[in-house]
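Copied over from Swiss-Prot, here are the features:
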type: DOMAIN; residues: 2-89; note: domain 'HPr'
type: ACT_SITE; residues: His15; note: active site, pros-phosphohistidine intermediate
type: MOD_RES; residues: Ser46; note: phosphoserine
Amino acid sequence: MAKFSAIITDKVGLHARPASVLAKEASKFSSNITIIANEKQGNLKSIMNVMAMAIKTGTEITIQADGNDADQAIQAIKQTMIDTALIQG
């Protein structure tokens, strides 16, 4: 299992556009990828799961990946979050 934690810095939080980009990126990997925030967790490959979590600015999130390509998935998702300005690099 691989994971990383970060604070959401986007002024509107984890909203529809970046959630869609993250779900698309996560879907490229065979690992199970979970986002955890505010004692809730969701499947990062599902935009609806991510949106239902209503993650706001300043929220600490953890992304976990479990599977054969977990390390690669975590690296790609972290970079995607930086590129979409959800978190700071």
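Each residue's number is its place along the chain shown, starting with 1.
Cβ coordinates are placed from backbone N, Cα and C, and glycine is handled just like the others.
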Whole-number mean of pLDDT values that fall within the domain 'HPr' (2-89): 97
The residue listed as 'active site, pros-phosphohistidine intermediate', Cβ-centred 10 Å count of other Cβ atoms over all protein chains shown, is 16
Near the residue listed as 'phosphoserine', which residues of its chain come within a Cβ-Cβ distance under 8 Å, counting only those 6 or more away in sequence? Ala23
